[in-house]
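Noted in TrEMBL for the protein shown:
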DOMAIN    1-379  domain 'Kinesin motor'
BINDING   Gly41, Val42, Thr43, Gly44, Ser45, Gly46, Lys47, Thr48  ATP binding site
COILED    502-578  coiled coil
REGION    615-676  region 'Disordered'
COMPBIAS  619-637  compositional bias 'Basic and acidic residues'
COMPBIAS  661-676  compositional bias 'Basic and acidic residues'
Amino acid sequence: QYSFKEVFGTLVAQKELFDVVAKPLVEDLIRGKNGLLFTYGVTGSGKTHTMTGSPGDGGLLPRCLAMIFNSIGPFQAKRFVFKLDDKNGVDVQSEVEALLERQRREALPVPKTPAGKRQLDPEFADMIDAQDHCRAGDVDEDNVYGVFVSYIEIYNNYIYDLLEEAPCDPIKPKWNNCNTPVRNGDFVPPQSKILREDQNHNMYVTGCTEVEVKSTEEAFEVFWRGQKKRRIANTQLNRESSRSHSVFIIKLAQAPLDADGDNVLQEKEQITLSQLSLVDLAGSERTNRTKAEGNRLREAGNINQSLMTLRTCIEVLRENQLYGTNKMVPYRDSKLTHLFKNYFDGEGKVRMIVCVNPKAEDYEESLQVMRFAEMTQEVEVARPLDRPLCGLTPGRRLRNQAFREELSRKLELRGGPVGAGPEEPSPAELFFQSFPPLPSCELLDINDDQTLPKLIEALEQRHKMRQMLAEEFAKNVLAFKTMLQEFDSSVASKENYIQGKLAEKEKTITGQKTELERLEKKIKTLEYKIEILEKTATIYEEDKRNLQQELESKSQKLQRQASDKRRLEARLQGMVAETSLKWEKECERRVAAKQLEMQNKLWVKDEKLKQLKAIVTEPRAERPERPSREREREKPLPRSVSPSPAPSAPVAPLRPRRSRSAGERWVDPRSHSPFP
């Protein structure tokens, strides 16, 4: 049994899944917070279907786009008011700069972004046709918004731009021994992108195509254009198996209006750039089931390796959180985890949808997927988000709209008829009133001779006045023609003068543009040099730190050697003193022994002399028989005891020791005097 925050059955609608999982992420995106949404599971478990949807029932991605544009539709900025730079930042331009940028882009021979009003591709028209009008509730009406989308894939641990207008052949390329694509005849593999870190320590893909979109249809058409380039293949477990991780990134830039509520505030610090990443992970698979070979086997290995790295990062984060350790999380082992490092560090919310296939063959793999997904719920990382404070009064846009409506109403009232006073006669009425009045034309009597002559007279007067007016009108027309000719000649001269001035201005503008291009090239060159110098400085600083560390280690080693030398010198001095004392004692002992030996020799000589003297001075008596040598040997000769060499010292009793031969002497151990 595994516990999750929400479990959806097989018959659940896409709208219910969107309302529970993705809708909070879109609301956070509009509030300026980042979000990340994964679909994770075994191959063939419905991850791409969950993210994209099917005809008539769009998935999470088109519903997210629809909710974004339903919420910010009336408050979108004009195209190119927000301009993304190449360092994961955003700049704001004025209306005039945006207009010039649009004109310049329209003049370039590049493929235009899809328009929202043109006929949609029937392949995906049903996915975004019947969307519910879902919108966020707390949209700041005093801001203007811009939406940018990009679409990348991570294939064999390389990042590729799916929106890049480059020749891309989906047929497999050749590979060398280093597992990198090489040029193969007509096939030129797309250039892989690299990851970098911006000034806010957020990871981004350099050189990635980011398209500004103004409607749900336009954004989804951009997505579908990249979806056709995504790498898929047929395996034994899935007919259209995704061979790469796809990442659809939605960036929402928002900036406040100025104090009048009319134009965008031209301060880069007030721009908030939030991001929602929708990730369709490739499914984990076992090669003994898919029977993959060649490129499919290599792709499966890279997919499983990146998913294992994701799992390792989650486990290390969980261990650090539970046990208070500070182990290093191995984000850099995979491009997938390295790209979303900031999300795991707490830069935004992370949601994971686990797709499970109820097939019995997927039982063991589904258990591992659910075990990992349950473990990820224990990881909680949160960091407060600092929103920039503009300090302007809220409700500026509504007040500006109300002011414009009131102004237009006043102007309409001022330009219309005034109903209080009498109506003024028109110029035609004044002209007809200048003619003499016609007399009564009614004939009451057959003999009336006055009415017709009066009428004839009045008509003749009117005819004369008409001729006079016609002549005056002809004169005025002639004068007016003359004035028009003069005016035409003056206008022609002024036009010639203005054309000359415009030609001069155009030459000046052309020169300035050339100078600007030269300066831009120079700026790019200098930026490149600065980047090289920064890299060189970084390398030198690293070398400096290494040398300092080496110097410190050398100095510590020298200090240790000096201390060892001092200890060795002290030890040698002690040994010398001990040896000299020992040799002094040995020399004294040897001198004493030598003296004793000499004294013994002298005593021996003295004894011999004494015996010789005793023999010489002894009176001659009868000589006894000479005993045989055997008797002499058996009978020991009597020996006289010699006096002690030191007469002043008391003489101790002797303990004679029998020597092995007759020629040896008795020795007193205290006096060391020999006795014959």
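Glycine is no exception: its Cβ is also placed from the backbone N, Cα and C atoms.
All features noted in TrEMBL, drawn onto the structure.
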residue : record           : CB count, 10 Å
Gly41   : ATP binding site : 25
Val42   : ATP binding site : 25
Thr43   : ATP binding site : 22
Gly44   : ATP binding site : 20
Ser45   : ATP binding site : 25
Gly46   : ATP binding site : 16
Lys47   : ATP binding site : 23
Thr48   : ATP binding site : 24
Overall pLDDT of the coiled coil (502-578), taken as the mean: 93
